[in-house]
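Trainee: First the structure, then my questions, so here it is.
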Amino acid sequence: MGIEEIRRYLPHRYPFLLIDRIIALETQNYIHALKNVTANEPFFQGHFPNKAVMPGVLVVEAMAQAAGILGVKSAKAAAGLPDEPEEDGIYFFVGIDKARFRKTVVPGDQLILEVKLLRSRRGIWSFDARATVDDAVVCTAEIMCTSAGKGAA
């Protein structure tokens, strides 16, 4: 899935859209996405000017954005609905557990986001998320999301 289709599923835009491409996706199971981290990212101006490091919270946000796409597509599949995003639907990041930051992410890295659906209960979707660079784990977390909007899944 390319950037144009990603924009149909996520309301985020520059500079907060943190996914460049979906590599693999199996609804109700997993998603693999990537973010090419460049020296031109606006957050590097202040984090840190002499030693650029991607803020850990943005690595978590990138994982949550991947989870959002997986959640919307999975909810549609579970309900037997067409695989189309809702015009007024939005997916909210509502919780994080067990977050661990293991390595830094720097300009030139390709961040691979691997998110697996754990469960869905009472409108809350739980995901196991992992971010890697060159096969080395940089961040892990359990992420919770929910959807809202008239036509939300």
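Backbone N, Cα and C define each Cβ position, glycine as well.
As annotated in Swiss-Prot:
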ACT_SITE  H47  active site
Trainee: In the three-state scheme derived from DSSP, which category covers the residue listed as 'active site'?
Mentor: coil
Trainee: Taking the Cβ of the residue listed as 'active site' as the centre, how many other Cβ atoms fall within a 10 Å radius?
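Mentor: Neighbour count, Cβ to Cβ under the 10 Å cut-off: 15.
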